[in-house]
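Here's the structure we're looking at; comments come further down.
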Amino acid sequence: MSDNNPSTASQLTPDQQDKLRELTTQSWNLELAISGVAMFAILQLPDLLESAFSYIRYNYMTHTEGAAVMLPTMVYSLIRAMCHVLFAAFLANFVMRAFWVGLVGLLAVFPSGIHYDRIPFSTPYAQQRLADEFGPLDRYILWLDKRCNVVFALAFQFVFLLVVVAILYLLGLLVYLVVQPNVTPNVWFGVKVALGILMTLFFLASMVLNQKKIKETPRGIQLNYRFTKAGRLMMLGMYKHSSYVTNTFYANIRPGKLIQTAAIFVVVFFGVFFLEYANDISRTSGRMPLFNSRHLYSARVDSLYIEPTAYDNQRPEGAFVSTASIQSDVIREPYLRLFIAYPKALDTKLKQVAPEPVWSDTLSRQARRQQYAIWSNQQINKLIRITINDSTCAQPDLLFTKAGIQEQSGWQTVVVPGNLKVGHNLLRVALQDPRKKEADELVTIPFWYVPEP
C-alpha cells in the first residue's frame, strides 16, 4: 500500500485479531451492564441539575433581566433534553440487546432456526412470502447485533456531546460570575461585544471555508483543514475519541442515508428541547403559564398575587425565598417577622451605591472585621425601605441572618406597625438608591391582619 494512501487498514497481528474478535463476541454482556448503570446514573441527574440550577437562579438570576436570565435557563433545558434523549438511547440499546440475548438462547435450543414450510395454519404461498420477508433466524440475530452496537456507539457519542456542552456552560458561567461583578458596566459591555464579534467571525469563517469553490483551491484546502483542527479545541479533549465513532459512520454509511438519519435526530432532539424549555419556563416562572393560561387571571403584579415562597407557612421545605417573606398570609400577631433575601446578583447594585471605605492600616484584622460589620449594617439599614400600607418604617433595624436549611443569606427584622387594619394590607420592600429620588421596589407582599379576639 502506498504511503500517500489515506486509508488506514488494520495492521493487527494474528494474536491481536483473535483478541479483538474475542472482545467483540463478549461485548454484549458489557453493553447490558453499562446500559443499566448508565440509565440509573441518568435518572439521578435531574435532581442534581435542579439543585444546582435553583442555586444559580436564586443567586445570579434574581434582580437581573435579558440574556442573563434567558441563557442559563436555555442551557439548563438543553442539558435536561440531552439527558432524556440519552436515557432513551441507552434504554433502546438495553431492550434490543436483551431481545438479542433471548434470540441467541432460542437459536441454541432450536439450532435449525425457522422452518417456514412447517408453519401451521398457512398456505404454501404465505410460507414462501414469510421466508422471503423475514429470512433465517441466524441472519436476523446478526443484523440485530449490529444494530445494537450502532445504538450503543451513538449513545456514547451523545455522552461526549453532553460532557462538552456541560463543560462549556460551566466555563461560560465561571466567566460571567467572576468577570462581570468585578468590572464596570462599560468594560463588561466591551467584553460581550468582543465575544460576539469572535463568534460572528467564527461562523463566517466556517461558512466561507466550507464553500466548494474555496475547498477546491490548494490554499483553501489548507485553511479549511487548519480551521477544522482549531475547532477541536471546542471539544475539550473529546475530539479524538468522538472522531473514531463519527469517521466510522462517515466511511461506512451512504451520505444520503447519513443526512436523513441526522435530520431525523435533529428534529426529534430539538422537539424534546423546546418542550423541555417551555416546561422549565412555566415551572420556574409560575406567574407566566404557557399552556395553562386563563382569561381573567394575571400574576404579574405583586400586590395582586399570593406568592407561596413569600410566606413561611406556605413555602415548600428547602425552597429559596425569592425576594422577601413574612410569617404567614394571615397575620394574627400585631407584628411582622420579615426576612429579606440577599442574592449574590444584588451585589452589583450595592457595590455601586455603597462602595467600601478604605480602612486604616493600623487596625488589626479583628478590629477591621468589626468595623466592616458595623458599617455594612448601617449601610443596609439606610438603603432598605420598608413600607406597610402608606407608612414607612424609619428604623428597619435589619440584622444579618441565614434562613432555612439552605442557609440563605439575608436580613431579618421584626416590624411592629401601628397602622395595621383588619383585613387586607400591603408590605413593600424597596432599595433606595441615593442617586435617585424614587426607590427601586423589590417586592410587594399582600397579607391579611385578623387579630386574636
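Sequential numbering from 1, following the chain as shown.
Using N, Cα and C of the backbone, Cβ positions are placed for all residues, glycine too.
Fair warning: this is a prediction, and the values are worked out from it, not measured in the lab.
Sequence annotations record features per position, and here TrEMBL assigns transmembrane segment to 68-92, 98-116, 150-177, 189-209, 259-278.
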Original post:
So, does the transmembrane segment (259-278) come close enough to the transmembrane segment (68-92) to give 3+ Cβ pairs below 8 Å, pairs being at least 6 apart in sequence?
Top reply: yes
Subject >> Chain residues in Cβ proximity to the transmembrane segment (150-177) (below 8 Å; excluding those fewer than six residues from its ends, i.e. six or more beyond) >> reply: 31, 34-35, 38, 56, 60, 68, 72, 75, 78-79, 82-83, 85-86, 89-90, 92-93, 96-97, 234-236, 238, 241-242, 245-246, 248, 344
Original post:
Are there residues at least 6 beyond the ends of the transmembrane segment (259-278) whose Cβ is under 8 Å from a Cβ of it, and what are they?
Top reply: 73-74, 77-78, 80-82, 84-85, 253, 290-291
Subject >> Residue numbers, six or more beyond the limits of the transmembrane segment (189-209), whose CB comes under 8 Å of its CB atoms >> reply: 179, 183, 215, 220, 223-224, 227
